[in-house]
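Below you'll find the structure, written out as structure tokens, and then a few comments.
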Amino acid sequence: MSAASPLRWQLIEHAPLRALNTFHVDATARWLLNIHAPEALPDALAAPQIAGQPLLVLGSGSNVLLAGDPPGCVLCFDNRDITIIAHHADHAIVRAGAGVNWHGLVMYSLQQGLSGLENLALIPGTVGACPIQNIGAYGAQVSDFIHVVEAYDRGTEQFVRLNPAECAFGYRDSVFKQQPDRYLIVAVEFNLPLLHELRLDYAGIRDELARMGAELAGAADVAQAVINIRQRKLPDPEVLGNAGSFFKNPLLPSEQIAALQASFADMPVFPGEQPGQGKLSAAWLIEQCGWKGKREGDAGISEAHALVLVNHGSASGAQLLAFARQVAESVRERYSVILEPEPRVIGAHW
């Protein structure tokens, strides 16, 4: 059964979600709402079948673990327009709809001679999801280049434009993550420079550029280097179900870092997000506990990267969650460090 407003939105009952999450776990949405025109949101949300129901927004399902059927309604945005809305001498403002593929936007920006997003190449997901997690990789995070987030405020039932301060961005955090039931992101505007200082001092980017023979590297070269590295390290979700890095790198006070280094001298430590803080490598902690490449049934940790929780075939979301909890518990027991998941866990508590 389905209901629709022609070309604007569509409501589908009892929709399977296996194809809408990159772990490829089975789950069913009581209602699936496809939004083709964001301005139709108020009308669509007032549909009697879903009015007042909980909402789960799914982009490509690359940052979620469905440990059970989501309650209420699952919402997907299908607006995939990209527009350069302002040109300036040294930068441009690019607007992308929530349904735009993230990597597609990165490559589009590079083709337009714009930089800034190159270190974030090949991150799975959609533009609408990127501010929620404040996606980051290889020394960059998307909040550095967000100009405005356009959203529908379910509390006031109004469309709003939020600047970066109002988005309350932090490490893998934002107001959208802190208040998941309030805002529905419909588009994002990016402030992208024509030229900016390239971030090369992270995770082998310089070495990869050297292998590529890119002596005078530009933003497009950095993007290709990142793509090469990610393709070597991270399994393709179409081949092996996963959501990329499953665990956050722990941020700890400097005093706790020093105490850990006194006991584990080879423990790698990176600068934190704030003074008096350091960042540990969750991958290192997990590998030291012997989990890299380990599996129980079809739930496991990738052989190539210890941060990546994988579904080898038919693991359920609940089985993947239980396995991830075992990993986190072993790290806590050995290092007294608490690991937290990057993806949002639906249908169960972490």
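Cβ coordinates come from backbone N, Cα and C, glycine included.
The following features are taken from Swiss-Prot:
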ACT_SITE  Arg172  active site
ACT_SITE  Ser245  active site, proton donor
ACT_SITE  Glu342  active site
DOMAIN    24-195  domain 'FAD-binding PCMH-type'
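Here the features listed in Swiss-Prot are painted onto the structure.
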residue: Arg172; record: active site; Cβ neighbours (10 Å): 20
residue: Ser245; record: active site, proton donor; Cβ neighbours (10 Å): 23
residue: Glu342; record: active site; Cβ neighbours (10 Å): 19
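When averaged over the domain 'FAD-binding PCMH-type' (24-195), pLDDT in the model lands at 96. Put simply, Arg172 (active site) is 12 Å from the residue listed as 'active site, proton donor' when counted between their Cα atoms. Arg172 (active site) sits 7 Å from Glu342 (active site), counting Cα to Cα.
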